[in-house]
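Peer 1: Just passing along the structure, written as structure tokens.
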Amino acid sequence: MKRFLLLIPVMIQPYILLFALYSIFINQYIVERFFGGNGLWLLFVIFVTIVISFICTLVYMPFCLAKGWGARQTAFFNMLIKLVQIPAYLAIFVLGVLFFLTIFTYAFSVFFVLFDCITIFLTGLVGLTANLRVYKERKCSGSFAALNSVCQFVFCIDVISAVIVYICSRKEPVQ
């Protein structure tokens, strides 16, 4: 279970963005108290979170593949990450649409798209690892693993694919 602590930064990454938006627009006390009134420090926090998530993902992948961690647990944590991030993605999508309505906040929408692409890339790497573990344990075919590996990098489809891979990981190995 300790090995999956590496995935916590990836899991909470979208919520850091929502926290930053909350701090800037709703509760300025947080910005005043912890960032000296400079909201740009929150961008630095978001950047550091992305870097930490990326490093943790890059450390997690080879350990998972080399040490032969179980396909079922790996697929479960991939599915858990994707399901936990759904509310954050919905909130970011709604805010992105609202910010897109006026020219003054258009840049926020572009930033949200870039942030979501980075997040989907990181969770896609975790999903790719889960697919490789399921394939190595012979619980699915190569074409199934390849198709689901690609699906891990596509918005909305990644959640469905993660659930399917988890269900597949519970099966007995195919001979």
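Each residue, glycine too, has its Cβ placed from N, Cα and C.
What TrEMBL records for 12-30, 42-65, 86-104, 110-132, 144-167 is transmembrane segment.
Each of these features: where is it, how hidden is it, and who are its neighbours?
Peer 2: Note on the transmembrane segment (12-30): residues 39, 42-43, 45-46, 49-50, 53, 85, 88-89, 91-92, 95, 112, 115-116, 119, 122 of its chain, located 6 or more positions outside it, place their CB under 8 angstroms from a CB of the stretch.
Sequence-distant contacts of the transmembrane segment (42-65) (same chain, six or more residues past either end, CB-CB distance under 8 Å): 3, 6-10, 12-13, 16-17, 20, 23-24, 31, 35, 74, 115, 118, 122, 125-126, 128-129, 132-133, 136.
Through the fold, the transmembrane segment (110-132) approaches residues 7, 10, 13-14, 17, 46, 50, 53-54, 57-58, 60-61, 64-65, 71, 74-75, 77-78, 81-82, 85, 89, 92-93, 95-96, 99, 140, 145, 148-149, 151-155, 158, 161-162, 165-166, 169 of its own chain, all at least 6 residues removed from its boundaries and within a Cβ separation under 8 Å.
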Peer 1: Under 8 Å between C-beta atoms and at least six residues away from its ends: which parts of the chain pack against the transmembrane segment (86-104)?
Peer 2: 14-15, 17-18, 21, 112-113, 115-116, 155, 159
